[in-house]
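I have placed the structure first, in the form of structure tokens, so that the comments after it can refer back to it.
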């Protein structure tokens, strides 16, 4: 681990096939967008280091497949994760309806009780919306999740989603602290009075 890196975090991106998980990942890690991106088979894996509130964290981001036939592969992917981004497509209500199934799977396979979950409504650049923002916000509040709407195509909300998730994880020392006890790392604290989250309150911290 780099000396100035506070911790390495395992982040999962889950949700139904076609909601834009891979597009969100590539926009965040490589700042690219491919409208013809093929569905992920199995899992994709990216690493990116970011700085939030003066704390540098290395993210190991796992993009899990949404197809039902790959569900049997997921238990090992959930193991040890500190954060999860659960994605639905705001233009496809069926992907929103199935969020409960993903939460049940997360509860079944996740090895941590204090894992941080972020709900992302993707594809807000499209006009044929089927899921209102307030519906997403209500669902997130019900399940104590962070929430944001985003567009991998236009980049709206993408950086914020990851930064807000990482900020919340860092604020939950039990998620990562034990792995760094012998490394002499220190958490940098935001100056008193500074608030609104990593993105100035753009995300809802619930």
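Placed from the backbone N, Cα and C atoms, the Cβ positions cover glycine too.
The GTP binding site feature in Swiss-Prot is assigned to 17, 20, 21, 22, 23, 34, 35, 40, 66, 123, 125, 152; the stated evidence is a large-scale study or a structure entry. If you look up Swiss-Prot, you'll see 22, 40 marked as Mg(2+) binding site. Among the features that Swiss-Prot reports, S-geranylgeranyl cysteine is placed at 203, with the record citing similarity to another entry. Annotated phosphoserine per Swiss-Prot: 144, in sequence order. If you look up Swiss-Prot, you'll see 31-45 marked as motif 'Switch 1', on the strength of similarity to another entry. The motif 'Switch 2' annotation in Swiss-Prot covers 63-80.
Note: the CA-CA distance between the residue listed as 'phosphoserine' and residue 35 (GTP binding site) rounds to 32 Å.
The two recorded residues, residue 35 (GTP binding site) and residue 22 (Mg(2+) binding site), show a Cα separation of 11 Å. DSSP assigns residue 125 (GTP binding site) to coil in the three-state reduction, outside any helix or strand.
Counting every protein chain shown, the Cβ of residue 23 (GTP binding site) has 23 other Cβ atoms within 10 Å. Taken residue by residue with DSSP, residue 21 (GTP binding site) is part of a helix. Distance between Cα atoms for residue 22 (Mg(2+) binding site) and residue 125 (GTP binding site): 17 Å, as a whole number. Per-residue confidence over the motif 'Switch 1' (31-45) averages 67 (mean pLDDT, predicted model).
Listed in sequence order, the residues of the same chain lying 6 or more apart from residue 125 (GTP binding site) and placing their CB within less than 8 Å of its CB are 151, 153, 154, 156. Note on the recorded positions 17, 22, 144: the fewest other CB atoms within 10 A surround the CB of 144. Counted within 10 Å of its Cβ, the other Cβ atoms near residue 21 (GTP binding site) come to 28, all protein chains included.
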